Amino acid sequence: MGCVQCKDKEATKLTEERDGSLNQSSGYRYGTDPTPQHYPSFGVTSIPNYNNFHGAGGQGLTVFGGVNSSSHTGTLRTRGGTGVTLFVALYDYEARTEDDLSFHKGEKFQILNSSEGDWWEARSLTTGETGYIPSNYVAPVDSIQAEEWYFGKLGRKDAERQLLSFGNPRGTFLIRESETTKGAYSLSIRDWDDMKGDHVKHYKIRKLDNGGYYITTRAQFETLQQLVQHYSERAAGLCCRLVVPCHKGMPRLTDLSVKTKDVWEIPRESLQLIKRLGNGQFGEVWMGTWNGNTKVAIKTLKPGTMSPESFLEEAQIMKKLKHDKLVQLYAVVSEEPIYIVTEYMNKGSLLDFLKDGEGRALKLPNLVDMAAQVAAGMAYIERMNYIHRDLRSANILVGNGLICKIADFGLARLIEDNEYTARQGAKFPIKWTAPEAALYGRFTIKSDVWSFGILLTELVTKGRVPYPGMNNREVLEQVERGYRMPCPQDCPISLHELMIHCWKKDPEERPTFEYLQGFLEDYFTATEPQYQPGENL
């Protein structure tokens with residue numbers, strides 16, 4: 001169905017020359033661009049027409065689902081006759097302030113102003129109301145971005161994490177941008193067999209010069225929708241047929257509202273502390289709400305912990321750090337007692353998760369994957385020329401699906417407590433700190449790499465305190481003499497060798513987080529091809 005050129009048994013075989021005409025220019029590497037991807041800014045009558053499915057020859061193509069592109073409702077005609085692209089809601093959204101709109105999945109909008117970045121001013125065609133909507137909750141009508149199976153800029157490892165989530169059957173699939181070939185896509189499918197059990201296979205979707213798509217030259221399609229329809233009806237050489245699109249989690253918002261995007265010092269009265277989650281040396285962590293309707297985490301700092309002026313200066317930098325493996329800073333109350341408002345992670349700290357929570361039953365593949373997620377977040381911090389200074393499992397938070405995010409980055413530098421600033425005082429995390437940082441205060445991204453090596457031991461030992469049986473002074477002395485922790489029980493030698501690499505005396509000999517991310521993401525798949533050729537493809 002929708003197949004432009006499907007090979008039947010009696011059909012003549014297509015030549016392979018078409019492959020050579022593909023544009024194989026090298027594309028970006030996933031994760032190197034820290035800037036979120038947005039649609040371009042546009043005015044009411046200058047929105048690019050994402051809904052145009054007409055090929056180079058001007059022939060109208062049939063859109064997936066049998067709707068002809070010439071009659072779809074994705075374009076609103078203005079009085080002057082110009083077309084304005086309509087957007088459709090991909091999720092439900094509940095308004096948080098009087099400035100934004102509540103809406104339901106499937107609702108259509110005309111975009112009035114997109115100059116606010118993550119928040120667009122829009123008019124609902126259902127209610128006629130005008131207000132702000134989060135831009136990552138909508139997509140152009142009839143575009144591939146609006147399809148349930150399209151995940152956009154998603155890396156191979158993250159695709160595998162989502163597809164292997166509990167409850168997805170064999171044949172669950174998604175399509176994402178190719179990491180290696182600009183303009184191409186990847187089809188990722190959950191599969192199962194006796195030898196591997198549940199696993200994911202990836203197929204490259206290539207683009208024809210005339211705008212079509214194919215996995216094999218024997219079956220070419222004018223649209224991705226038609227390709228999905230075809231392989232939903234038959235495996236046709238894939239590991240299995242496409243059964244159901246992977247579930248999309250709600251996209252995260254990097255701001256509480258359009259107003260807090262730039263003015264994010266908020267009144268203390270707008271926050272409600274509901275449940276205390278933890279109590280530390282410098283304050284408490286609460287689950288709470290903002291404006292009575294938005295769940296957040298609130299870190300309250302004891303008065304005197306840090307200078308409000310210094311904190312606000314550092315928070316300006318922290319607010320700009322946006323990555324899906326970093327806990328997002330939303331807002332602050334900068335007068336003492338200082339409140340730090342962040343996204344809420346429902347499984348708590350990685351340390352507690354490993355010692356007393358669901359993490360006790362985790363096997364090595366899950367633990368290595370969690371380490372890879374932390375490395376991915378730290379690789380972003382590395383690219384941004386920032387430093388964490390206090391990387392350990394207590395400062396990693398866990399969410400549903402074993403998602404890990406880095407918290408408290410940058411705060412350690414601001415602490416003014418004498419028991420901490422002495423670096424060898426009772427409150428200082430000596431066992432996680434590189435010797436050059438503990439002894440001489442030389443904190444760099446390479447001292448963070450040392451700490452990451454210690455965090456790896458926490459993962460494989462399910463939260464055991466590093467250097468068991470040794471106090472802080474003994475650890476400092478022994479490490480300076482060259483002592484390194486031995487390989488933990490049941491830890492693979494190759495993983496311990498990575499820890500030792502992180503603990504090199506010379507900081508410059510330690511690996512980068514980019515290397516650590518790649519090593520850990522490919523730890524169990526290094527010997528397998530990244531893309532499947534497919535049977536009979």
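Cβ atoms are placed via backbone N, Cα and C, with glycine included.
Among the features that Swiss-Prot reports, S-palmitoyl cysteine is placed at Cys3, Cys6. What Swiss-Prot lists as phosphothreonine is Thr12, and the listing cites similarity to another entry. Marked as region 'Disordered' by Swiss-Prot: 14-35. The phosphoserine annotation in Swiss-Prot covers Ser21, Ser26. Among the features that Swiss-Prot reports, domain 'SH3' is placed at 82-143, with the record citing sequence analysis. As annotated by Swiss-Prot, domain 'Protein kinase' applies to 271-524. According to Swiss-Prot, the feature ATP binding site maps to Leu277, Gly278, Asn279, Gly280, Gln281, Phe282, Gly283, Glu284, Val285, Lys299, an assignment based on similarity to another entry. Positions annotated as active site, proton acceptor by Swiss-Prot, on the basis of similarity to another entry: Asp390.
Feature map: Swiss-Prot annotations on the structure.
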residue	record	DSSP class
Leu277	ATP binding site	strand
Gly283	ATP binding site	strand
Asp390	active site, proton acceptor	coil
Fill in: Which same-chain residues, if any, lie at least 6 apart from Asn279 (ATP binding site) yet have Cβ under 8 Å of it
Val285
Worksheet item: Near the Cβ of Val285 (ATP binding site), how many other Cβ atoms are there if near means within 10 Å?
Response: 21
Discussion item. Applying a 10 Å Cβ distance cut-off over all chains shown, what neighbour count does the residue listed as 'active site, proton acceptor' have?
Written reply: 22
Worksheet item: In whole Å, how far is Asp390 (active site, proton acceptor) from Gly283 (ATP binding site) when you measure between their Cα atoms?
Response: 16
Practice prompt. Sort the residues of the domain 'SH3' (82-143) into helix, strand and coil with DSSP and give the three counts.
Written response: 3 helix, 33 strand, 26 coil
Item to complete: Determine, to the nearest whole angstrom, how far the Cα atom of Asp390 (active site, proton acceptor) is from the Cα atom of Leu277 (ATP binding site).
Response: 20
Discussion item. Give me the count of other Cβ atoms within 10 A of the Cβ belonging to Leu277 (ATP binding site).
Written reply: 19
Worksheet entry | Cβ neighbours of Gly283 (ATP binding site) where a neighbour is any other Cβ within 10 Å | 19
